[in-house]
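Chemist: Have a look at the structure that comes next, please.
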Amino acid sequence: MSVEQSLLGKETQYPTSYQPDVLFPIARAQSREKYAHIQGITQGKDWWHVFEISWLNAHGIPQVAIGRITLPASSPNLIESKSLKLYFNSLNFTQFDSTQSFIETVEKDLSAAAGAKVELTLFQVDDLEISKPQGICIDDLMPERLEQHPDATLLKLDESGEEIEVELYSHLLRSNCPVTGQPDWGTVFIRFKGKKPCYRSLLAYIISYRQHNGFHEQCVEQIFADIWQNLQPEKLMVYATYTRRGGLDINPCRVSDLTWMPKPIRLARQ
C-alpha cells in the first residue's frame, strides 16, 4: 500500500474496540532501491517509545505503561505512525487476562504488519530513565557552507588524514513528514572508524535536512548511505532519536557491523 492511502493528515475516528486491521504497513524497498549495495542499510533496529499505552486487566481495571517496540531494520515493512497510535488506542477498552497476554497480542499484530518479529518491552511509567548523550557534540562548529536540502557533496574528510574511531552527535537534525509537512526534530549520533571526517562538513550535512521530506527511517538510511559512500569508513553507526509526536517517538539505528549496535536510550527532549 502507498503512503497516500494511509490515515496520515486525515481526520479519523478513534477506535474504542480492538482493531488490529488499522495497522498500516509501508514497504521499505522503494526508498532503499538506490542504497541496495550499501552495507548496513538493512542492519539495525527501529526503536519506538509508546507513551500512551493502556488496557484493561482481568478485573476491568485500566492499566498503563510506557512501551518500547523493537522493529528489525531487515523487516520488509515499517509501520505508519498514526496507524500505530490508533492501534494502541483500540486496546484502551480491551480486557486481557494478564500483562503477558497483552504483550503477546501486540507482538503478534505488529509482527504481522511488519513482516518480521517485533518485540514489545513494557516499563512502569516512572522507570524509563533519561540518558545524556555520549560523545563529541559538533553543534557549536561553523560550517563552511549551508544548503537547504540534503547534499552529500558537503561531506569531506579532514585534511590531517588521521585514522580515528569517534562518536559524534548533533541536536540539529530536522526534517519534515512527507505527507503532512510537519517538522520532525531529533538528535543524531554518528560513530565512525576510519579516516577522520571533517566535523564541520558533517554538521553542514546534518543541517541540510531541515527542509527535507522523509520518514525518520528513510532519513537515517540516507545519512548512513551518504556517509558510507562519500567518507568510506571501515565501520559506521548512525542512530537518530526523534522527539515525540502523538505519544510516539521513533529512533532508527543502522550499523555496518552488528557489534556496533548501541543500547536504546531516551533523551531529555523525548
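Quick reminder: no glycine exception, Cβ is built from N, Cα and C everywhere.
Residues or ranges marked as active site, thioimide intermediate by Swiss-Prot on the basis of sequence analysis: Cys177. For Asp184, the entry in Swiss-Prot reads active site, proton donor, with the evidence type sequence analysis. Annotated substrate binding site per Swiss-Prot: Ile79, Glu80, Ser81, His216, Glu217, in sequence order. The NADPH binding site annotation in Swiss-Prot covers Ser81, Lys82, Arg245, Gly246, and the record cites sequence analysis as its basis.
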Chemist: Other than its own, how many Cβ atoms are within 10 Å of the Cβ belonging to Ser81 (substrate binding site)?
Modeler: 23
Chemist: Reduce the DSSP letter at Arg245 (NADPH binding site) to three states and note it down.
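Modeler: Arg245 (NADPH binding site) sits in a strand per DSSP.
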Chemist: Compute the C-alpha separation of Glu80 (substrate binding site) from the residue listed as 'active site, thioimide intermediate', stating it in Å without decimals.
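Modeler: Checking the Cα atoms of Glu80 (substrate binding site) and the residue listed as 'active site, thioimide intermediate' gives a distance of 11 Å.
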Chemist: Give the sequence-ordered list of residues that share a chain with Ile79 (substrate binding site), lie 6 or more positions from it, and have CB atoms under 8 Å from its CB.
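Modeler: Once residues fewer than 6 apart are set aside, Ile79 (substrate binding site) is near Leu23, Phe24, Pro25, Ile26, Leu71, Leu110, Ala113, Ala114.
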Chemist: So if I measure Cβ to Cβ from Glu217 (substrate binding site) and keep only same-chain residues at least 6 apart in sequence, which ones fall under 8 Å?
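Modeler: Spatial neighbours, sequence-distant, of Glu217 (substrate binding site): Arg28, Asp46, Ala73, Leu78, Ile250, Pro252.
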Chemist: Which state, by DSSP, holds Cys177 (active site, thioimide intermediate): helix, strand or coil?
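Modeler: Once the DSSP labels are grouped into three classes, Cys177 (active site, thioimide intermediate) ends up as coil.
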Chemist: Please report the DSSP secondary structure of Glu80 (substrate binding site), reduced to three states.
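Modeler: Assignment for Glu80 (substrate binding site) reads coil.
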Chemist: Please report the distance from the Cα of Arg245 (NADPH binding site) to the Cα of Ser81 (substrate binding site), rounded to the nearest angstrom.
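Modeler: Per the Cα atoms, Arg245 (NADPH binding site) and Ser81 (substrate binding site) stand 9 Å apart.
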Chemist: Which of the recorded positions listed here (Ser81, Lys82, Asp184, His216) have a Cα atom within 10 Å of the Cα of the residue listed as 'active site, thioimide intermediate'?
Modeler: Asp184, His216
Chemist: Find the shortest Cα-Cα separation between Asp184 (active site, proton donor) and the binding-site residues Ser81, Lys82, His216, Gly246, and name the residue that gives it.
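Modeler: That would be His216, nearest by Cα distance.
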Chemist: For the NADPH site as recorded (Ser81, Lys82, Arg245, Gly246), determine the largest distance between any two Cα atoms, in Å, rounded to the nearest integer.
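Modeler: Among the residues the record ties to NADPH, max Cα distance equals 10 Å.
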Chemist: Excluding Ile79, Glu80, Ser81, His216, Glu217, please set out which residues of the same chain place their CB within 8 Å of the center of the CB atoms of the substrate site, keeping sequence order.
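Modeler: Neighbours found: Ile26, Asp46, Leu78, Leu84, Phe215, Ile250.
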Chemist: For Lys82, Arg245, listed as binding-site residues, tell me which one has the smallest number of other Cβ atoms within 10 Å.
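Modeler: Across Lys82, Arg245, these binding-site residues, the one with fewest Cβ atoms within 10 Å is Arg245.
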